[in-house]
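Visitor: According to Swiss-Prot:
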type: BINDING; residues: 92, 97, 115, 116, 117, 143, 144, 156; note: S-adenosyl-L-methionine binding site
């Protein structure tokens, strides 16, 4: 009898389809598992994440990362908001979130993993072979050094709303979309956001509030579009 890795079994049993209306293929499931193993191994020597238990890793890292691109996990999402997604950037990727799960889920996207800490960039480079990903491009540097060449920008846990807009919106081509991954979100946040958007020739597309599937924590994803 072949014994299976219990962590892999747990990952398979989480409610992907019920909560994302999307199910990873066996290859993607294996890539998530290899990413988990690589992250745990590297985490012993550097501070990549405090979230290591399997249920927490699935919900707070994998699920949360993919929830931000939920519109593009559906068959109808390819032309959503008039955006054809090919070039993606994860700003402040850290241990690879949300960029690596996104790259696994969407192998047809080219995902730049932008990180300001060289040690973390080295880890991100190692994931290409460790996880079997040919569509991730780790880069060391800051957002300000990148031009307007991206169709989709993702920014998670990087400062306040003003800083997120300043980092993300200038990187987008006309029609490109910025996804802000946020915890709590208030009417005051929306009002503040509306004062920021004109300077970037951008508009608010949607604000989606939801609860996480295991811990039932409140989360929001904010979708903004560059218009000029």
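Here the Cβ of each residue, glycine as well, is placed from N, Cα and C on the backbone.
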Visitor: Could you check what DSSP calls residue 156 (S-adenosyl-L-methionine binding site) once collapsed to helix, strand or coil?
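Guide: DSSP assigns residue 156 (S-adenosyl-L-methionine binding site) to strand.
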Visitor: Using CB atoms and a 10 A radius, I'd like the single residue among the binding-site residues 97, 116, 117, 143, 156 with the highest neighbour count.
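Guide: Going through 97, 116, 117, 143, 156 one by one, the largest Cβ count within 10 Å is at 97.
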Visitor: Output, ordered by sequence, the same-chain residues six or more apart from residue 92 (S-adenosyl-L-methionine binding site) with a CB under 8 Å from its CB, or 'none'.
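Guide: Expected: 114, 115, 116, 155, 156, 157, 158, 167.
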Visitor: For residue 143 (S-adenosyl-L-methionine binding site), which DSSP three-state class applies?
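Guide: DSSP call for residue 143 (S-adenosyl-L-methionine binding site): helix.
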Visitor: In which DSSP state, out of helix, strand and coil, do we find residue 116 (S-adenosyl-L-methionine binding site)?
Guide: coil
